Every structure is written in structure tokens, then in C-alpha cells.
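The structure appears right after this line, and notes come after that.
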């Protein structure tokens, strides 16, 4: 990949990842329900710093994706930065691009380093869907007489344009692609099998940092992958469209809590500090379609990214596509013409959970730990509003 800016002719700084970690993913109102999004972010920030072998004072900026920020205090990124021991002189920014939020943090960190504005950036994502607030519109009388609004749905899980749940939009694409309920269920079962195998073999151990919330027991593993009952899957009722719908609680991702973080650095910093990078960021891309077509957007971003960095899909060893629904991955596989054996090899969000603001970073973390040395991987994720982001990395 040529890192020269085509407009200015300036040579862009190469960008590397020096650590990548995540928390276990907890189910809704379950293992991690006592952890705030700030606390989860601090856990991964501290572990990313420790694993990179650098000091908090080396971090030039903190960029954190988070969607459900209402009533959690000003600028969660700033809260995470200071509580992780990063100097108060290092700025922070919270990013809300719905499910793409934390992958956008990775992109923005890459851009800042490319341009020479930063040498080290903490790029992270955090979400506690269990602690999303209810709100009351003030109305004309500025009182509490109006109906409560669930911020988790209003700001995270409902399409802002049609006012319907994202699953209703997804069902439209299911119909257009003629995806059967059986195909979605079979995909979901395979996602669970892969996650179960990965945990059984200890392959997640390197990327996951245990979490202890207040007086609760320490949490070491993801929660959702253990809950599968294969016999119940084909009998579940549709979640979004009664009778005729195909998306269910089993073949959709679960409401979840979790966080992920990466430390991203310039080649100059790595040479100066003698750090051992785990990967190079090769490029990134974004795409946007009609809002209801959000589940088609990942393949558009992925194709743009392949063109941008000048490689073919065959040169990509592993892919991660966020499983907002099983159908999201099925659409991606069809549009890209990919074999499922190279996609979400350690299970996806259907089996692991989908803490929306953290998932973009989470799938990059998982991809990095699944890749072998010199292999290229691409992660892509859709987001509400019809958009998607994609990032390409090379394992070192």
C-alpha cells in the first residue's frame, strides 16, 4: 500500500497496532450489569497499556466509541482516559456512529497518526446496555408527566427514519435476498459452535481481560455462547414480524455489555521505544446506503477497501463481519462470494453478544488474535442509518 497523500505528495506515517484487548461480553442485566461503561473502558484501557509495555503518559489522545451515553456523565472518553491514569493534558473524544462507533475510533486514530498529529492513540469502544437510562421528554410543562422513553431503543436499536426496530429493516433485506429461516438458524448454530470451540481450546484467553464489578465475582468468559439450546432454535417465534418473520432471538445478536481497546502508534514511536507491533493498519473505508439497507453496507465498504489498498478478496486470509443478525453475515457472504470457512472463524456476535458501541473494536481485536504472522485480515461492521465501516490489518 502506498502511503503517499495523492493531493499533497506528502509521505504518510505508517500506522501500527501495539496491543489489542477486550472484556468478556456479558448478557443483558447479567454478569456485567453492575459495571458502568466508564468502568469497562478503564479496564481495557489499563490492560492495553500494560500489554503494550508503554506508559500512560505516552498516549497523545483517547478516542472511544459509545452509543448509550445519556446520563453517564460528560464525555465518557475523557472519564476513561483520566481514570486509566493518562495525563489530564492528553485530550479525549467520544464517538457515536452507532455500531460502527469504535471502528470509527480506530479510523480516526489512524488518520491522526498518518498526518503526524499524534504518535500514540488509545482507540476503544465501550457499552453497558444493561445500564441504558430511561428518559422523560420535558414537554410544554417541563414536568415528569410525559411517557418514559427507553434510550437503548431510541438511540441504539431503532431506525431513526422509519421509527421501526432494526430487525424490521433487516427482514426487508431477508425477503429481497430470499434468505430462509432455516439458513439463518443454521448459520447461528455454527456461530455458537465456533465460539464454544474457541473457548474450549483457550484461543480467546490472550485477547480477554477478566472483569470484576464491585462485589460481584470476577468474570473471565463471554456469557452468551454457553446458553445455546439447539433443540429450541427452530421452535422460537419471530422477534420482529409475527408469523411470517424469520429473525428470532437465536439468529440475532443479543443485547450485551462489554468493551475493547487497541493502542495505535506511529512507526516513529515504535522505533524510538523499541515496541513490538502486533499488526499494521493497511487501510480503511466507509460506505452508506439507504437507512433500511444497513445490512447490505458491509460488503460495499469491504469492496471499497479492497480497491483502495490494491488487493483482491482472495489475498485476505480472514474476515470479520459483525453479526448484528445472522442474515447480516449471510448477505455479506453472498455479496462478496466468500467461503464461510474464512469468515468469523471464532464465532461472531450472534454467539458472543453485541455491545453496540464496542463491537467495531471487538471484532478487530478478535481478528488480530485469529490471524497468523503475515496474514491480512479485514473487519467490517454495519450501523444504523444505512452505513458501514471496514478496516484492513496485516499481522506481524
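Even glycines carry a Cβ here, placed using N, Cα and C.
Nobody curates TrEMBL annotations by hand; they come from automatic prediction.
TrEMBL lists 15-267 with the feature domain 'Thiolase N-terminal'.
Annotated active site, acyl-thioester intermediate per TrEMBL: 99, in sequence order. Using a 10 Å radius centred on the Cβ of residue 99 (active site, acyl-thioester intermediate) and all shown protein chains, the other Cβ atoms total 33.
The domain 'Thiolase C-terminal' feature in TrEMBL is assigned to 276-394.
Around residue 354 (active site, proton acceptor), the same-chain residues at least 6 positions away in sequence with a Cβ under 8 Å from its Cβ are 99, 253, 254, 255, 256, 322, 323, 324. As annotated by TrEMBL, active site, proton acceptor applies to 354 (among others).
DSSP assigns residue 382 (active site, proton acceptor) to a strand in the three-state reduction. Taken from TrEMBL, the feature active site, proton acceptor applies to 382 (among others).
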Within 10 A of the CB of residue 382 (active site, proton acceptor), the number of other CB atoms across every chain shown is 32
Secondary structure at residue 354 (active site, proton acceptor) (DSSP, helix/strand/coil)? strand
